[in-house]
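Here is what TrEMBL records for this protein:
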type: TRANSMEM; residues: 7-29; note: transmembrane segment
type: TRANSMEM; residues: 49-69; note: transmembrane segment
type: TRANSMEM; residues: 81-100; note: transmembrane segment
type: TRANSMEM; residues: 125-147; note: transmembrane segment
type: TRANSMEM; residues: 167-183; note: transmembrane segment
type: TRANSMEM; residues: 189-209; note: transmembrane segment
type: TRANSMEM; residues: 221-240; note: transmembrane segment
type: TRANSMEM; residues: 246-268; note: transmembrane segment
């Protein structure tokens, strides 16, 4: 079941990449539609709809996993507690987004009272959003593999080991960081943004070099798309650097929901009896 989840989100990621790239390409090549990508990233446009889709998907996955885990008699409070919290957060995000969509007010505007999907000039809190995803979905998993980090053999350690983001989730997150202008930075914070992305990308390539077995067919395809995107976005910096962060947030949302689906459905889908049986075989 977990493998099927990975495949589904690989297709979602591919669609999001193609849609974003086509919008940027049209903005690059057409003088008539030169503002297309900028318009699509504004509040209430298509990228907001994508975000609502991810909010709903996250809520549905969390709720489904709670029900399925109860059906399979998986009663660990730590797992089900996190599922419940995330389900409520997704529902909160979706409800506020839909309630205020008619007023063209972004969800993060409500939380921070700022233009949350602009650059760092419009929204100083964007650094915290990007920082969270960078630490949780890039630094944490890549450090685990590169530095040989291991968790303690207690309940919390096993939980952190289980929910560790996969290679695909890392790639989805890095795609969001790749979607930026690569030249003519307005402030030093933009150079920090670019430097963090490049460090994360090089670390991912080093993981690929050292641990090739972690990369199956879909991981290889996604890595190729990321490399292709870096070249394309670099040549399209003129279009990207002056627009809001909505496109980046969609890739981050894709990564977050994919991460939730991987560990939630993986945990809930295995029956308790089957888990005990496999543990005895391992012993």
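Numbers run from 1 along the shown chain.
For all residues, glycine too, the Cβ spot is worked out from N, Cα and C.
Unlike curated entries, TrEMBL annotations are predicted automatically.
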- Residues of the same chain, at least six outside the transmembrane segment (7-29), with any C-beta under 8 angstroms of its C-beta? 35-38, 40, 50, 168, 171-172, 175, 179, 218, 221-222, 225, 229, 232-233, 235-236, 238-240, 247, 250-251, 254, 257-258, 261
- Task: For the transmembrane segment (246-268), find every same-chain residue at least 6 residues outside the stretch whose CB is under 8 Å from a CB in it, and list them.
- Result: 1-2, 5-6, 8-9, 12-13, 16, 20, 37, 40-42, 45, 47-48, 50-51, 54-55, 57-58, 61-62, 64-66, 68-69, 72, 74, 79, 83, 86, 117, 129-130, 133, 137, 162-163, 165-166, 168-169, 172-173, 175-177, 179-180
- Who are the long-range neighbours of the transmembrane segment (125-147) in its own chain, taking Cβ under 8 Å and residues 6 or more past its ends? 108, 112, 114, 116, 118-119, 164-167, 169-170, 172-174, 176-177, 189, 193, 196, 200, 203-204, 206-207, 210-211, 214, 245, 248-249, 252, 255-256, 259
- Given 49-69, 81-100, 167-183, 221-240, the one sharing the most C-beta pairs under 8 Å with the transmembrane segment (189-209) is 167-183
- Message: Can you work out whether the transmembrane segment (81-100) touches the transmembrane segment (167-183), with the criterion being 3+ CB pairs under 8 Å where the paired residues are 6 or more apart along the chain?
- Response: no
